[in-house]
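Feature list (source: TrEMBL):
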COMPBIAS  1-10  compositional bias 'Polar residues'
REGION    1-108  region 'Disordered'
DOMAIN    276-398  domain 'PARG helical'
DOMAIN    407-607  domain 'PARG catalytic Macro'
BINDING   440, 454, 495  substrate binding site
DOMAIN    653-786  domain 'Glycosyltransferase 2-like'
């Protein structure tokens, strides 16, 4: 590709024939187009009904009456950070996920809304993203796009390296079993409870599961409830073993154990109407007795209560499958206290209810057919463990992404991961990969109620996953839950309202050295978008990116080969997620995590083809995570009416094509010149601007970027300043507004409110000039005398170096105090190709040569990160001039001194209170971030800016 310059000169302009407007469009794909136009360019309404479109060649931005302006940049500086979200209570801006919180524990009839429990909708809402239920059991035809599945690493082929349980010294990892090592040659060896000989060590507080066997579990009149439970369960077990148990006996036992009444019509319908005589007889005489035994012996089997996996806890629980069975038996009899009450302010308001009371309840109809089928799956599990108790191990792990590990999306150069896209597989059938559970943030979603889609189905065919309802508090945006080693017991057919238990499933998944099935599942909850347009806003997209990355990330300490992730249309059912957006978000997260992605489209061949077309295009363009994030940012700002995949495929470097399309229209009034070079690499923004100036004519130059909009009176205002000042060596700017409104708000407020004197004194403070380049107006002769812009390839701050060169040569600054430009913010701007370290280096060098080299001593205000970085950036001679650091933070002052450990002399530099500091002072504190405390302190010292102190931050 070549860099090109397009010049348009109006052949006659009576008002300002000496003025050329230089407008620049910078594209990421090795091309910089400069368009020089006259001032008489088509206008559109903005200020008093008018806005100048300047060099906007194509304006495709659209608006939606439901959309709000995007005000935050698409990087880690956005206001909606993970840490901020985490600190909010549940009334935060994130749309709440549906949860099971509308059961009235004091009512005999629970009230339910069947559509409120899970991400996918169990009823038949028709949307453009609705699921295809017609061919849900279609056989896998083996067709796919992308990398063959056999070439994607999986943990069955390459089991993860595990430390022995004996060697685990993590206080956040609780083992309910003694250290255990699985031996394939002795597969019948069983894990033993942590405490031996029937010993039970109790914990009864808000950090542990309150087990029914605790002596602290008492009735309202102060008697222990466990003996009551034991008596009731023993009686039912005897009735079962003597083949005398009835549905009424089960009902009486559960209500006596729990101390409350329930409806059991779904359970009753299954046992009395759906089951055959033999099925009912076997359950009532054999399976029921075993469930009673498991519940009665929960103290001996578990020997200690598992900890709760609370918000931010990063805790892990490892238990045997038998211990999980015992806990599920307790849930069957609704034995877990206080879990029925999920009202606001209650102890378990942020937890799902693990007890089976809502699963047994079916309303007047006796339960929907799919709820009956879910109950069949769970009862089949109890049937299986009655015949043979599994002797494996399972782990539940809650993980919170540290804020320090959150990616800098807009800087990431991670390449795209491998991808395999197919339509006729289910996530649970792709062995050896990290399998994504499309979770509700209240894990399990509607599994205990009417919900019957991806998460709920997974939990009933693998009932050990129901333990997560007992342990896990609601998930925050930077949290997930891993379910490791849970066995599958049932196969099924259908989906949602067509779901049916099919038959027994024998899980042949191999085990790791701890005895866990090599089945890793991660619960990943999406946002529920009640207004579909909301998902295209930056905070929501970033939240979903953080969530997916949290789930996919492998800690750096893990050296095993990274296995793939198998996922699909996450949050695209009742949660109204857009399939294309969710596909790109998960592609970004997997690429950042360095893991291959297996994407299952759930019978959607069109999505298979379109997603792979986009992936192939991006791969050919050698796109990185940064590039994909740029697409999302730009799409959020401008193209919400165009499908995302179409936008990506159509957004390419077609600048010359656009110029050609406009050629006839432009040449009616202007002279059009197209110029460039044939080098394989771009020559940078400075090259394009210099060529634009070279091919223009006129006494003055008016600069403007092609994506910005100028007001009609801009040239008039700046031209008359230039004429009246009668000084060629003057750089004239103006105030501006940002598009979208609120973008880089602090920088905009700073630049627009500088005094004439501060235009000079605060030149080292920000990442750009005190007069921003798109507003520049200057003399051609002065521009030529300075030699124009530096012609350095992408990544150079040519505007800042020209600005400093202007001042070094005695140039003056002037800002017209009127808003004359609409300055557009978008992630593909050339600004973002310049790394902040480059800008920092230029500013440091300029401040040293202009200020510090002429000082005998100096104080650095800020003993924190910015101040220390400033000190380390100085040359050795100027480092020796630093007499002390000053600060207002008692912690920093109490340390007494700072030492640069990388320096040779390791000089100890004192840290003093700012009131003791003496000029000259270099201040490395960001303005406007301390509730005006810093500004007040500075003012109290009566120092003169530019004489006693200079700002650098």
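Cβ coordinates are placed from backbone N, Cα and C, and glycine is handled just like the others.
This prediction places the mean pLDDT of the domain 'Glycosyltransferase 2-like' (653-786) at 85. The binding-site residues under consideration are 440, 454. Their Cβ neighbour counts within 10 Å are lowest for 454. Residues 440, 454, 495, recorded as contacting substrate, have a largest CA-CA distance of 17 Å. The helix, strand and coil residue counts that DSSP assigns across the domain 'PARG helical' (276-398) are 60 helix, 13 strand, 50 coil. Around residue 495 (substrate binding site), a 10 Å sphere centred on its CB holds 23 further CB atoms from the protein chains shown. Counting residue by residue with DSSP, the domain 'Glycosyltransferase 2-like' (653-786) contains 57 helix, 28 strand, 49 coil.
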